[in-house]
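Listed features, source TrEMBL:
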type     : residues : note
DOMAIN   : 1-412    : domain 'Major facilitator superfamily (MFS) profile'
TRANSMEM : 20-42    : transmembrane segment
TRANSMEM : 49-68    : transmembrane segment
TRANSMEM : 110-129  : transmembrane segment
TRANSMEM : 141-161  : transmembrane segment
TRANSMEM : 195-216  : transmembrane segment
TRANSMEM : 244-265  : transmembrane segment
TRANSMEM : 277-297  : transmembrane segment
TRANSMEM : 303-332  : transmembrane segment
TRANSMEM : 383-407  : transmembrane segment
Amino acid sequence: VRFMLNFSERITMTINEKTTFVLFPVFICSFMVAAPIFGYLGDRFNRKIILSCGIFFWSAVTLSSSFITKEYYWLFVLSRGLVGIGESSYSSISPTIIGDLFTNNSRTMMLSVFYLAIPLGSGLGYILGSSAKEAAGDWHWALRVSPVLGMTAGTLILFFVPEPKRGHADQLGGRIKHRTSWLCDMKALAKNRSYVFSSLASAAVSFATGAFGMWIPLYLFRAQVVQKTAEACTKDICSSKDSLIFGAITCVTGLLGVVIGAATTRLCRQKTERADPLVCAVSMLGSAIFVCLIFVVAKKSIIGAYVCIFIGETLLFLNWAITADILMYVVIPTRRATAVAFQGFTSHLLGDAGSPYLIGLISDALQKSYTRSVLWQFLSLGYALMLCPFVIVLGGMFFLATALFFLDDRDKAEKQCTVPVKSVVFLYFDCFLHCSIIVKTSNLFDLVSTIT
């Protein structure tokens, strides 16, 4: 399902570059608004039913949108907003079910499998969406196949996926008897330093990936124009070779990054308990180096730029599953859905919701300040994209801050989960003493009565 969601999203985004500037913010905004709501519901009600309903809703809206004609473009934009609502239900709840089914290294591996679908769906969406657009075929069929698969997956989830008790994998399922209020959950998350810093680091990753997805293919095309290996495009729909290559790289690097990240973390845990945030920090800082090299190499060698993109994205994608695993460690089971939802909200709000437009604004401002030429169009976009490695470095610093507080926050979460049990034990102990005193007092009165 995760694969199909990202596949459908990328198919729609590659229909026309101009429509992307309208469709993408609508999708992101609806996702951000709906995610906290599904986070609240996911911590309090049956997650499997909510998840299935969200998938059915997303599938129905996507299928319906494939029949909308150009005359009703506003309705197509509205449908993208509704798709964002459907995806927010899945993204907020699914990791928490995995967190309650597995623990430790097993949970890391299962979360890795879950997040493998992001690059797989996004990469293939780029490739097939661009191919359909260039082949002058009917792109609507891409939006008609995925909903059928989505409904099938939703049905399988509804009937075959278990609904574990919250905290089941951590052997806390029988201990957690009550839930705190939403306001109390939000206060606790705001005070959870590991959660806050890892969420900010996740936003840095989202900032970079959102900007790259929108602008790197165009940047590489302009580099080829500067090198005179390609002609400047004046049409609405241009050659999609760079989009195809970038999509393939995104797909492969995402797969490699998630697998390498899980394996590296598993090995590093044998050396230090802070392995999760430290692996993320090192990978982010290493990624920033190769992202910088893209803009140094691109003017002379496109192949060299692709090599830097490959290494940089692999290191950047290393932390996807690990970030989710950090959240599972430092947040108690009864507020994990809320935590996942607001982490996604923060990632989009500070990340890909605005980064493509910020890069575009900077590039346009630089172009206006100098003679408009092919070379300067290329350079101005490169200077604007140079903001990304600085944000990535900032994300690496946030992960280092997470490492400082990770053990303390993990221990606090474990103690919070065991508090209800201790309270019950003390309650029973107090009741036992109280009842014993009553019995002894009653016996004393009987003895006095007998003597009298």
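The backbone N, Cα and C atoms fix where each Cβ goes, glycine too.
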Inset, instruction - Would you mind listing the long-range same-chain contacts of the transmembrane segment (277-297), meaning Cβ under 8 Å and 6+ residues beyond its ends? - result: 194, 198, 201, 204-205, 208, 216, 261, 264-265, 268, 304-305, 308-309, 311-313, 315-316, 318-319, 322-323, 326, 382, 385-386, 388-390, 392-393, 395-397, 399-400, 402-403, 406
Inset, instruction - With the transmembrane segment (141-161) as the reference, find which of 49-68, 195-216, 244-265, 383-407 contributes the most Cβ pairs under 8 Å. - result: 49-68
Inset, instruction - Output the single range from 195-216, 303-332, 383-407 maximising the number of Cβ pairs under 8 Å to the transmembrane segment (244-265). - result: 303-332
Inset, instruction - Output the single range from 49-68, 195-216, 303-332 maximising the number of Cβ pairs under 8 Å to the transmembrane segment (383-407). - result: 195-216
Inset, instruction - State the mean pLDDT for the domain 'Major facilitator superfamily (MFS) profile' (1-412). - result: 82
